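*Asks:* The feature transmembrane segment is assigned by TrEMBL to 68-89, 119-138, 145-163, 169-191, 223-242, 298-318, 349-370, 382-404, 409-430, 442-465, 477-497, 503-522. Taken from TrEMBL, the feature region 'Disordered' covers 548-633. What TrEMBL records for 552-589 is compositional bias 'Acidic residues'. Taken from TrEMBL, the feature compositional bias 'Basic and acidic residues' covers 623-633.
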Amino acid sequence: MMEATDGEDLIRDSDQLIPPPNGGMNELLNVGQEDSIQGQMDEFLGPQAEYNEEEEERKYYRRKRLGVIKNVVSASVGAMIVYSVYMGLLQMQLILHYDMTYREVKYSNLGLEDIDKKMLMGINVTPIIGLLYTPVLIRFLGTKWMMFLASGIYALFVSTNYWERYYTLVPSAVAIGVAIVPLWASLGNYITRMAQQYYEYANYKEEHVQEQKKLPKGACHSYIIVFQSIFNIIFSLSFVFAELPMCLILNGYLQDKDHVLLNVKKCGAGISGVVPGFNTTVLTNLPRSMLLIQVESVLMGFAFLAMIIFLVLCGPAYRPTEEIDLRSIGWGNIFQLPFKHLRDYRLRLLCPFFIYSGFEVLFAIKGFSLSYGVCALGLKKLWLLVVVYGLSCSVFSSLSLCLLRLPRWLCLVGGAAVHVALLVALMVFSPEPRDQSYQGPLLVISVLWGLGTALNKTGVSTLLGMLYAEEKERLDFVYTIYHWFQAIAIFIVYLWSNLPMRAKLSILLATVLLACYCYWVMERRLARKVPYRLPRIPRPRHKVKGYRYLEEDNSDESDSEWSEEDDEEEKGEEDEEHVVEEMGAEDWEEGGHDAGAWGADSPRARRRGAEGNRQRRVGNPVREGERKEQEEG
């Protein structure tokens, strides 16, 4: 009995499993780690209590708006640097080449005088053909890259002055003539596009912005006014900085007024040409070659700085898909559209103002500053007159901000009124040569002329932006026409150099009066809601099928799969486009169509269009079958 009891005790003890040491503790730890990891994952992937989607969206679009302001300031500073370098170098170059001693000692048999004439001809004559290639260049390269390339051409002009020869100076001057109209058309387009983008980022919650539809009429006018004012305030400083080489370097080598004006008998309204009798030796001694190379190197550095500003700091004017759409309407259409836009009576009636805006700036720099200022005060005071004019333009450009509260005609008419009064006064004003007492009146005239220029420049650019603010696919054509007419004005000023001063003033006066009358007619027609004709922008036809257009077309479909009825329908659409081209833009929009919808259509609209195309293609065989049944019946 004792043995059996002991055996049962052993069996009972063996049935009880003895756990390993710390085993339970490890299992508890593993379970705790899994729970903590799961909690961290849920906390990471779950909704964040501190994340405010609306606040983050607001911050994002605020950064976008700051980026637009950065683009406007960068483009303005880049253009200001480019023209400061260009005008400063050209002025210094022409003064040095004018001096007979400089030409004979440094370039005895080179013929610098003849080179300068051909160089000025290249700069002033070449822009006449700018209307033929400017829209093609802008749409091929893009607005930003066109500004960058044009600034590079200006830098090329600076670099050719290291080796002054016919085969360097003349081709670079022709290249500048080619680049003038594209550069200015790109700048005008860019500033207006930035105003449109700023409106979109400021009103990102609006439905028409989210769906990339056409902007409401007048929605971004206030931004256009502000941005054009900022651009002109900054750019007008180029007249100030362009005089730094003259003021700091060249003035120390110039003869005084008694020498350079020795044979000048009269000035101002009574003369013909620029300054008859001006002495052919204007330098006391020749500047060192190394000094000129150092000045040109500094100017070259600033020209490269302008290129870097355009390249790095300026953002794109259009979205990538919009750039594709702008190019895809066909290069033939792009070539023709600037001419077709002249059917719009608004542009035709503004053409006299376009021409006058080119006249008056060149008259201030060349006509008034030389024939009145230098003729009376001497060559050493040229920089002072130009600096005062530039500062006046810059300061008074801020007056265009009054258009935020006042009617838009006030800016243009106000500038024209100032210039009319000055032109009448200049017709009877003939200062005496070598008379310092005329310095005060001449500086006052410079300030007032700068006031008129500021109101004119900002007024024309702002008016164009406001008239075509909702037509972003037309901006490059409109600004191309504007600056092409300015190029024609530059050519006319180049031709009239030897005319009597009163004849020049009479042409200016007649032009500004005609411009005011045409502008009044335009505003009256708009007030009476007279329809204007706008050429219809063709819809983009994309040959390359990619992810961007999968919603519209089947990228695997070949051209052979199109039926004859599809071709007929396509021809019908083309006929409809020709009909629409003869209608006013407002009538076309009232009829349920959008003249610029292809550039700003929403993804939802594209899907609807794609579905309609598919239904039409699928429905063609059905209609054909019904037609056959009717014939058999």
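Just so you know, glycine gets a Cβ as well, placed from its N, Cα and C.
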*Asks:* Residue list, the transmembrane segment (477-497) vs rest of chain: Cβ under 8 Å, 6 or more residues beyond ends.
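*Replies:* Cβ under 8 Å, 6 or more out: 120-121, 124-125, 127-128, 130-131, 134-135, 138, 180-181, 184-186, 188-189, 192, 273-274, 337-338, 341-342, 347, 350-351, 354-359, 362-363, 366, 460-461, 464, 467-468, 503-504, 507.
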*Asks:* What stretch of 382-404, 409-430, 442-465 shows the most Cβ pairs under 8 Å to the transmembrane segment (169-191)?
*Replies:* 442-465
*Asks:* Can you tell me which parts of the same chain pack against the transmembrane segment (223-242), counting only residues 6+ beyond its ends and a CB-CB cutoff under 8 A?
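*Replies:* Distant Cβ neighbours of the transmembrane segment (223-242) are 72-73, 75-77, 79-88, 91, 187, 191-192, 194-196, 198-199, 365, 386-387, 389-391, 393-395, 397-398, 400-401, 403-404, 450, 454, 457-458, 461-462, 465-466, 469.
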*Asks:* What parts of the chain pack near the transmembrane segment (68-89), using Cβ distances under 8 Å and only residues at least 6 beyond its ends?
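*Replies:* Residues packing against the transmembrane segment (68-89) from afar: 147, 150-151, 154, 157-158, 161, 176, 183, 187, 190-191, 194, 197-198, 201, 227, 230-231, 233-235, 237-239, 241-246, 296, 299, 302-303, 305-306, 309-310, 313-315.
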